[in-house]
Amino acid sequence: MKMSLTHSRQQFLAYETHGDPAIHYGRKGGFFISTCICVCFVICAVFAAALVGIIVYHITYFTLGQQPKDLWDESEPFGQSSSPAPDLRLPTTVIPSFYRLKIKADLDKSQFSGDAYITIKANKRVKEIILHSKGLVIKNATLGEQIYEEVDIMRSRIKRNTTDTSTENVTTDGATTENAIEKANGLDTSTNSSDPDPVTISSVASVNTQVTHSNVRNIEIISFQSSSGDRLTLKLGSMLTPNIDYTLQLSFEGRISDSLTGFYKSSYRNSDNEDRELGVTQFEPTSARAAFPCFDEPAFKAKFEISIAHPKNISVLSNMKVATQESVKDQPNWQWTHFERSINMSTYLVAYVLCDFKYVETNYTGKDNKIKAIRVWTQPSLIHKANYALSITPKLLAFYEEVFGVPYALDKLDLIAIPDFSSGAMENWGLLTFRETSLLFDEKEGMPGEKRGVAIDVSHELAHQWFGNLVTMRWWTDLWLNEGFATYIEYVGVNHIQPDWEMFLSFTHDKMSLLHTDSLKNTSPVSRKVIDASEISQKFDDISYAKGANLIRMLNNTISERLFLKGLAIYLDTWQYQNAEENDLWEAMSQATTDDEFLKDVSLVEFMNSWTRQAGYPVVHVKRDYKTGHVLFEQRLFTSAKNPYKSMEKQLWQIPISYTTSGTPSGEWTPHPKLWLKGKTLTAEIPLNDTEGFYVNVGAIGYYRVNYDQKNWQLLSEALKDGSIKDPIAKAQLIDDAFNLAKANLLNYSYALGLTSCVINGEDSKIIWDMLLDNMAFLRYNLKTKSGYMYFQDYVRLLLAKQLEKLNYGVKKPVDDNEALLIENLLLWECMVEAPRCLNWAKTEFHQWMSHPENNTIPSYLRSLVYNVAVKHGGREEFFFLWEVFQNSTDPAVKNLIITNLPSTRQESLITFLLEKSLSEIPKQYAATVWGADPPEGTRITQNFLIQNFDTVYRVFNDLDSFTFSSILSMVFGFIAENDELDKLKQFVMQNKNRLVPMSQTLQMIVDTATLRIDWIRTHSRGINDWFHKYLVEHASRNISMSTDATWTQNVTINISDSNTTAPSS
């Protein structure tokens, strides 16, 4: 029997308390006492024993009374907040409208200092100002009230001087220059006479002008202090008067951090083997406050004027164009770079970068007839990789302007590849920051997947310039309005510039993959209220991104693309430069669809709220009456949990139903809905041929699964077999639905497994293979330790054989990127099921490279596979060969490819080697990757290492950003398949609860997945292995070669489900 680590540890401690066996008992000598003294000793001993007993009783009672709080509670989600944190939101009594930031950044000393002049306005009388500041030293604070006096005069030219005690703001012909007063505020309160003033306002000579004289009345600041929630509170000597402009000046200092958030330092090694440093900002979601004091919430939009002081030998970029540059007085090697005033934006979109990078440049003419510069920046040695991103950016911008009807708002756009970057990319307005592999692509050596990744990431961030930047969510609850839209539009954009990639097939595949995790017990709504600061970073998940995107796609399909785009135009026009909530979008869509007949009885607000505000999704059960032609549609929650929350079981969605039949030519299929299922059930009379299969959710655009009665499943299976259903999405959808219905005990596994043989004679569609193999991967991980796993391996080899032969095993150059990706996936699976041909080929390719390291002849699209096999089935020699290449390479694509495959080693010492290196030597953005060891052997090693070294691992990775440690937890514990591992995880979490609560959603998903996996193995593993075995025996006995038609597996029916399984009824 295998004991958990914890049990073994307790046993060890029990042995430690035993007496020393070397002690011997016997009379060696002593002294004598009187009877009286002896009696006194006895009385004292009795008293002491009683006292000890009382103490032990109370300690035991207290401990037992507290014990339930230290146990995992299955009745509610781990770490879920019940009420809003009191310091979560800033009060809205004081609102900023303008920031004048002057920052001096010293990369050599890892320090920065600055002054923030913030124009604020109170909406009621208050005696305090509360804003955000994190890790900053506030050196000084002053507050001034602006007093304005307008005088008409004749002037020909006005120059504003920051050393004056008053300011003059000029307007021509009586018109008020936009925010001129705010600009004066920021400059007038400057205390450093050497600070530059880049702005000069001129007028045509001898015309009527109006001058605004601005004087300052100082407001006493009694105190300023920091408090919880990163708050900086300033107590005032007098009340602020509502609707009056005040200028708050804060002088501050801070450290340029070594993390990947806030204002941090990155580095790279140049062609001369010199280490070069750069300063980078990453403020989303809540790190602007670590760079300058501010009102750091999305709703506090304002305009920004930024000046950076820096050494002259480096460049500085920010959101806006450079306005002017000038030397820093008394520092001849330093200069000020002043940037133009921004448009209204949230603090998390502010950005600046200091670097010695090079750029490639182009431009395009926007919808507003302005020529806009586009530059792609990177470290000099990688500049040749910047051309692909440069080529697609103007195409995407022009396309988005046409689709949205709104021009890109700024006059320039910079895209920059950062050597150390946490996420894939960030949409800072006018200055998009990327991980290097997300922006750079080598047209000669790059892999198809890399090129596709660059296109997707660029498309996503450009979409944010409208959805997120132009219109921003009011609070993080509606983050999905930003990320869901950008994710949806990324597919639309890439499909526009690369139609041969068939991006909507990829979209459908990604949606089906998401449905797996969205069926877990503790999944969350798209629009989930954020009531604690720790929940903000957890909103950046697949639910906000992918589910949000799919709900938008479903809406588009339901109301038609024409009306959808009309609604978007209304939404963008109404809310540009402002903050919106999800119902603002639905109201805009409602305005666009008022005359649509199909939607006359539909409230789009209620329709979409039923999807965004409820967790999970439904399964639609379809039951045909073959005599009357009636079809019964019934919805219920689809969940993989045996005991879902009662509140979720009662949920109902408004479901648009589309359908067709297997006898209808696929060219006549339409995904546009024909029915609405708003209640629990709906009965419709649909004229159907009882010999044709009835297919619901055409194109898999609806966010739900479909189950059918037994006869309809048979009809659909036959249609797949005889080719009546040719649509690849329909095939992939039926396979995926069948497997997941079987997983949830709603369908016998024989139906799902039977569908897999539709590829046994070859299949060219990538999405069909992707969905089939994705579902087979679930079986692979769960059957891997069972004796019948060899039958699974043989069956998969049989499925792959014909198509691999057709593709000549990847020896020929693929005809396009889609075929290259298909070949890679099929060969990967051939090696995963340990087919000797594949393993021998991969090892040979790798050893040829080892013999000639300077000449890597492995096809680029197969390198990841070859590296993986070499490390997994090799030893120290192969491992350290790749490790050396990783260490010496300056190419981020090479480093990323290698570090992704090194954890596949099966040697415990090498896995431990990687884990130790991740805490020190491996660069920050690659370090977390090495924790992705192969289950189950590798993950047991990483689990033990994490638990034993938790303090160090937590400190290293949690300090990087809000996301990395959560990803490590997923990699380490995400493949638990035994109860002892699950118990170990729960105990580990409860022992470190305070530090792990910010990762509560990730941990709950891990526990839900593990519970599902353990139960599935107990319920299904033996029956499924028997199914594979019986199929292989019958296949062999019939002596059917792989090149002829194989008998479909519906005749192989084995009961592989428990008594809870609901088989489809006839």
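Glycine too: its Cβ is placed from the backbone N, Cα and C atoms.
Because TrEMBL annotations are produced automatically, they should be read as predictions rather than curated entries.
Copied from TrEMBL, the annotated features are:
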type     : residues               : note
ACT_SITE : GLU461                 : active site, proton acceptor
BINDING  : HIS460, HIS464, GLU483 : Zn(2+) binding site
DOMAIN   : 222-349                : domain 'Aminopeptidase N-like N-terminal'
DOMAIN   : 388-611                : domain 'Peptidase M1 membrane alanine aminopeptidase'
DOMAIN   : 695-1009               : domain 'ERAP1-like C-terminal'
SITE     : TYR545                 : site 'Transition state stabilizer'
TRANSMEM : 31-59                  : transmembrane segment
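Sequence features, as recorded in TrEMBL, placed on the structure.
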residue	record	CB count, 10 Å
HIS460	Zn(2+) binding site	25
GLU461	active site, proton acceptor	26
HIS464	Zn(2+) binding site	24
GLU483	Zn(2+) binding site	27
TYR545	site 'Transition state stabilizer'	24
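Taken through DSSP, the domain 'Aminopeptidase N-like N-terminal' (222-349) splits into 6 helix, 76 strand, 46 coil.
Residue pair HIS464 (Zn(2+) binding site) / TYR545 (site 'Transition state stabilizer') shows a Cα separation of 12 Å.
The Cβ centroid of HIS460, HIS464, GLU483 marks the Zn(2+) site; residues of that chain outside this set whose Cβ lies within 8 Å of it are GLU427, GLU461, ALA463, PHE467, GLY468, ASN482, PHE485, ALA486, THR487, ILE489, GLU490, TYR545, given in sequence order. Rounded to a whole value, the Cα-Cα separation of HIS460 (Zn(2+) binding site) and TYR545 (site 'Transition state stabilizer') is 11 Å. It is 5 Å from the Cα atom of TYR545 (site 'Transition state stabilizer') to that of GLU483 (Zn(2+) binding site). Taking CA atoms as the reference points, GLU483 (Zn(2+) binding site) and GLU461 (active site, proton acceptor) are 10 Å apart. For the domain 'Aminopeptidase N-like N-terminal' (222-349), the model's pLDDT averages out at 96.
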